[in-house]
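The annotation repeat 'PPR' is assigned in TrEMBL to 72-106, 274-308, 344-374, 375-410.
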Amino acid sequence: MPFLSPNSLASLVEFALSIRSSLLGRVAHAQILKTLKTPFPAFLYNHLVNMYAKLDQLNSAELILELAPCRSVVTWTSLIAGSVQNGRFASALLHFSDMLSDCVRPNDFTFPCVFKASTGLRMAMTGKQVHALAVKEGLINDVFVGCSAFDMYSKLGLLDDAYKLFVEMPHRNLETWNAYISNSVLHGRPEDSAIAFIELLRAGGKPDSITFCAFLNACSDKLGLEPGCQLHGFIIRSGCGQNVSISNGLIDFYGKCGEVVCSEVIFDRMGERNSVSWSSLIAAYVQNNEEEKACCLFLRARKEDIKPTDFMVSSVLCASAGLSEIELGRSVQALAVKACVDENIFVGSALVDMYGKCGSIDKAEQAFNEMPERNLVSWNALLGGYAHQGYADKAVALLKDMASVEGIAPSYVSLVCALSACSRAGDLKTGMQIFESMKARYGIEPGPEHYACLVDLFGRAGMVECAYDFIRRMPFPPTISIWGALLGACRMHGKPELGKLAAEKLFELDPKDSGNHVVLSNMLAATSRWEEVTVIRNEMKEVGIKKGAGFSWITVNSRIHIFQAKDKSYEKDSELQDMLGKLRKEMQEAAGSIADANYALFEA
């Protein structure tokens, strides 16, 4: 090899790093040793330390550092940055400590790396000490150092410290504003994100796609539809309406606000789409109970060769669960395996949820046990499956298992699922034990959903008066679900007077819900109180409340057959009516049963 200058050798080292080749890096190192006498120029030591550290060859990087005749802040920072880049946060902090012991002062590149290491190890006290050192060195006002410190405080949940630092910053770049807005949303303070967005505009800043998407998340989280629509108008006026990331954010925002038609319009008008665009609209359909559209869009995405992502697959699995389409769910699972996203924790959790809601508990348990890692959502998915099928014993056993797993603790939702399982199984004793031990054992205060489960549990056990007494002793006003559970119990056990009381409370809370009116009228019809039934029906007509026609469906040979009340348009309706007639006759002959149609019209 011809003679190479130190600068050329440095370029060779950088090239090895750029292609992530440790072999080429060692060749370059060997050429340096062969070509130059030691000690060679200081900048070559820096290049070698930087290369080895970022290629996760820390032993080699540390050896070069020890051999360097002059260890500057650049040398140390290269080693620290490489450690952080490869997730070796403890090593980064140890090297930072060694650097200080070597009397080398950190610079504006060192501090951001150390803040990131402190964040990775969740070491808030260390982060505060590094912050104090940055103040002492006069570098905290540097925009990158300040932004890194702010990001650390935000990610560690130290919101007051983060806000104080943000206010004291003399200079803020767009990344700082974006970090503040995003973290405000992440930590449940969307109002702060709105204030920051307005301040950014007043300061002459120009929001980018990250800013807009963060603020859209704030709107869908709590601020509501109106400010989000105003932001949409601002986005259009700013000329950013065709930005793919912003369009994806708008699809997500409108979907979460229940305006799925707007999501469709934005999707259809996009000049360019990526996998996130498809996933966002599929998720919007699922969130708004339009599972069939979600599945159709997924099939359309497959026809257009859109690669399925973990988010897309988990959304379609949720749609399959909503439709109780286990065959579709199995097909999606096979596709997940083919796309190598089956081991993703969100896909695994959605798979457990799908099998549980489709009634295949064995498959749900198998999917749960095969997950390489599980989070709280995974455990709750299996608990939800047990609740859906009324497996109280299994739900209680799983709840105990959760409490024994490190890093996993039963949540508010976990206890709702366990109580729901007891309710469906009619296990009043176990349900009461869980409810009464919530605060002491799990540190969770019972909420409306837990009380609703207990009311339902009392109702299923025929203890309707006890359910009502339980409601009266609640520490907060009863919700729709609580009164609804009582109304259902009254209908089941023939308690029309108490049922009327529950219905009146429901009418106050949700006057437009036709279901409550129909349940009350059917309950009164069951006791032949026809005058009161007529009054309720007339009241529904006066205020414009209409009950949607009931329907059911079944899948036969991959085809969905839908049956709707009073609908004669089904292609095999005559055959169907003949079959029903034969069944009625056989029922009468076999057991003397005669279908009671006295108030069938009130059900329809």
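Note that Cβ sites are derived from N, Cα and C of the backbone, with glycine treated the same way.
On a predicted model such as this, the values are computed, not experimentally measured, just so you know.
Outside the repeat 'PPR' (274-308) by six or more residues, the chain places 244-245, 247-248, 251-252, 254-256, 258, 260, 263-264, 267, 315-316, 318-320, 322-323, 325, 328, 332, 335-336, 339, 341 with a CB less than 8 A from a CB of the stretch. Residues 345-346, 348-350, 352-353, 355-357, 359, 361, 364-365, 368, 417-418, 420-422, 424-425, 427, 430-431, 434, 441-442, 444 of the same chain sit 6 or more residues outside the repeat 'PPR' (375-410) yet have a Cβ under 8 Å from a Cβ within it.
When averaged over the repeat 'PPR' (72-106), pLDDT in the model lands at 92.
Summarised by DSSP class, the composition of the repeat 'PPR' (72-106) is 26 helix, 0 strand, 9 coil.
Mapped onto DSSP helix, strand and coil, the repeat 'PPR' (344-374) counts 23 helix, 0 strand, 8 coil.
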